[in-house]
Ligand SMILES: Nc1nc(=O)c2c([nH]1)NC[C@@H]1CN(c3ccc(C(=O)N[C@@H](CCC(=O)O)C(=O)O)cc3)CN21
Ligand SMILES: CC(C)C(=O)C(=O)O
Ligand SMILES: [Mg+2]
C-alpha cells in the first residue's frame, strides 16, 4: 500500500524529513518511486519542463490529468499530489472542487494550490468534500505576471509577517502540508516551527520539514533555468547529447545496427524463399 496523507503528517512528529520530487512521466516517476521518495508531485512546472512553455500560466486541466495518470501508473510507494493549474481554482469554489475531483479521478491522492489567506475558503471547501490539499506559499509562479519574475520572498519584516500569517491561515483551513517556494531561510524556519504540519521547501533552506526538487533539474537534464536551489546530482544533458552524437555517427558509418540488433529468418524457409523467387 502506498503512503497516505496521514503518514506524511506523522513524519513531522517522528522528526523524519520528507523527500518530495516533482515528476510528470511514467519512466522517471517509476525510478523515483523505486528510490523510496515519499511524495511524487505532478507539478504544473510540467508546462515548462515537458511542454516548453515560458511559464506555468498556459497549463490546462487536461494536460495535468494526463501527467497525473502517467505518474499514477508508475507509483507503488509514494503519496501522489497533483498541482491545480492556473485558473482551475481561482474563479470559483465550484471550479476548485470540480477540478480537484478530476485530478483525484486521474489518480492523485491530494491536490496542491498556490495562495495564502485568500485561498483559505477554497482550501476548506475542497477538504470538506474529502480531498486533501497541500498549500503553496512564497514564490507563486501562477501569479508572477503581477511581479517581476521569480524572486525570493520574505526578506523584509512586513513580507515575513504576511507569510507567517498565510501559513497559519491555510493550516487552519485544513492543508496537510505547505510548500514554501523561495522563502528566506529564516522565515521558512519560523513557519516550520509555527505550524504542526510538514513544510516542504524549495529554495527555502534546511529547516523545512522536507524538500522538493524537479526530477529533471536534479538529474541535470533541464537547462533552460538553473535556480541556485536546484542541486544537480548528475549532468545528464551532456551524457544524453554525447550518446545521440555517437548514435548519429554509428548510423552514418554503418556501425549500427550490428548482428546483435537484427533478426533472421528460419534458414530452411530462407532456402525455399530463394528457390521460389529465384534470388
Ligand atoms: N524546472 C523547473 N524547476 C523549478 O524549480 C521550477 C520550474 N521549473 N517551474 C516553476 C517554478 C519556477 N521556479 C523558479 C524559476 C527560476 C528561478 C530563478 O531564476 N532563480 C534565481 C534568482 C533568485 C533571486 O535572486 O531572486 C536563482 O539564482 O535561484 C527560481 C525559481 C521554480 N519552479
Ligand atoms: C516546485 C513545486 C513546488 C511546484 O509547484 C511545481 O513543480 O510545479
Ligand atoms: Mg507548481
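Any Cβ shown, glycine's included, is placed from N, Cα and C.
Where the annotation comes from TrEMBL, it is an automatic prediction and has not been curated.
When TrEMBL records 44, 45, 83 as binding 3-methyl-2-oxobutanoate, the matching candidate from 13, 15, 112 it lists for that site is 112.
Listed in sequence order, 41, 43, 81, 82, 83, 84, 133, 134, 135, 136, 179 are the same-chain residues at least 6 apart in sequence whose CB falls under 8 Å from the CB of residue 112 (3-methyl-2-oxobutanoate binding site). Only 45, of the binding-site residues 44, 45, 83, 112, 114, place a Cβ under 6 Å from an atom of ligand 1.
Between the CA atoms of residue 44 (Mg(2+) binding site) and residue 181 (active site, proton acceptor) there is a gap of 14 Å, rounded to the nearest whole number. Spacing of residue 181 (active site, proton acceptor) relative to residue 114 (Mg(2+) binding site) is 10 Å (Cα to Cα, whole number).
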